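K.L.:
Copied straight from Swiss-Prot:
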DOMAIN    31-61  domain 'LRRNT'
DOMAIN    312-363  domain 'LRRCT'
REGION    377-408  region 'Disordered'
REPEAT    63-83  repeat 'LRR 1'
REPEAT    230-251  repeat 'LRR 8'
């Protein structure tokens, strides 16, 4: 009995000693499971944006998810992920990986998602993905792939989505996807593919979405896709497709959306192009080179509920009438920006409005509506009643003569009314723009506006001041006095060399004074014997002429005085010159 008690006590002591050791071992293994600089959430390890050049070796063996995104990994070595046999998803995108060993993914058979996008991979060996047969999602987009091996995806029977977007692929091998029987999404967009073989999609019986946009296809034959019996969405936008044909009589009942926008489609090869897709619901034909669509093509669009036709070069003639009538009866979604590209007079006008306003569909094929000029309205003379005895047979109608109906007048009034509204709106907007400019300049530069106002006020004040000065000053008056001396004064002047001369005052701003000269100069001088003195000066009166001797010793003194209304004039004595001669 005592021995048993001692043995129990010793066993409990051993357990107490072993328990801390086990705990320390578990803690150390947990610490070893999360590498330095990484973030661990349960069994998920995130080593992102760490500039890693090698994959950490201290990752726990029970890791279910590993993210090594945004690092500097350059290659994947042999058995790179050995020991991580529980791994279900692996993210290696946005690295510098250019070389992958054929056996790099050995030991991770449970992997379901592998992301290798945005690297520098230029090729894969055929057996690269053989160890990961349980893959559901494989992303190889945004790399530098030039070609694919014929057995590149062999064995990937559970693959659901395959992304090969934005590479440099030119061709796709025949039957390369034959083992991908469960594939639902295939993205081959943004490559350089020019053509596809007829059996390239063999075995893809569950594919629902196919991306072939931004490639270099020039022709499209719907007979390439008879094996895609489950395809619902086909994207072929922004290629160089000019012709769409159908060389096989079959019904593609699964297709619901077809995107052909951004191509160079001018016409369809025949009315049976869309007859093989009776359940088509969405059709994109915008940004092509279509000028019209025939009635047979329109009749095959029996299930459409969404269509886009903008960005084409629609010719607004009678050929457009079938499309306009179809659009009017279409009850689904459509764009309203279907614009005429020709003729020149209708460029920029909505197709439906052009047909409605210009009666394009109401005219014969030989008659053209002249839109460059407005035709004058015809005037009709009232018919005078004929006498009953003058009954003449009716003249046959002239060929081509038509009487304008009431629709023409209504259309003209409608057009003129629109022009009036457009002109009024333009005038109103221009006035608003002017007012806005004035307001902004007043707010932005208040000092300059004040200076302009002050300058305008100064100009007004100066103008008013000039007008007041003109009213205050008297009008300029000039008098010409014809001075004729008497006989006694003439004889005295001849003998003595002197003679009296009278200066009269008058209201003017200028004055004239007589010139001093001798007798011979006086008799021979034919110009007025006057000169001009300073302005506003009053002259001395009764100043005589002097001889040459007296001129040397004598100076003419004039007493001046400022006066605004002074002018003195001297007469001319040309009559005496004539008498003496």
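Even glycines carry a Cβ here, placed using N, Cα and C.
I'd like to know what surrounds each of these features in this structure.
P.N.:
Sequence-distant neighbours of the domain 'LRRNT' (31-61) (same chain, 6+ residues past either end, Cβ-Cβ under 8 Å): 67-74, 80-81, 83-86.
Across the domain 'LRRCT' (312-363), the prediction's mean pLDDT works out to 92.
Here the repeat 'LRR 1' (63-83) has Cβ contacts under 8 Å with residues 33, 42-55, 89-101, 103-108 of the same chain, all six or more residues outside its ends.
Within the chain carrying the repeat 'LRR 8' (230-251), a Cβ under 8 angstroms from the stretch's Cβ atoms is held by residues 189, 205-223, 257-270, 272-273, 275-276, 278, 284, 289, all 6 or more beyond its ends.
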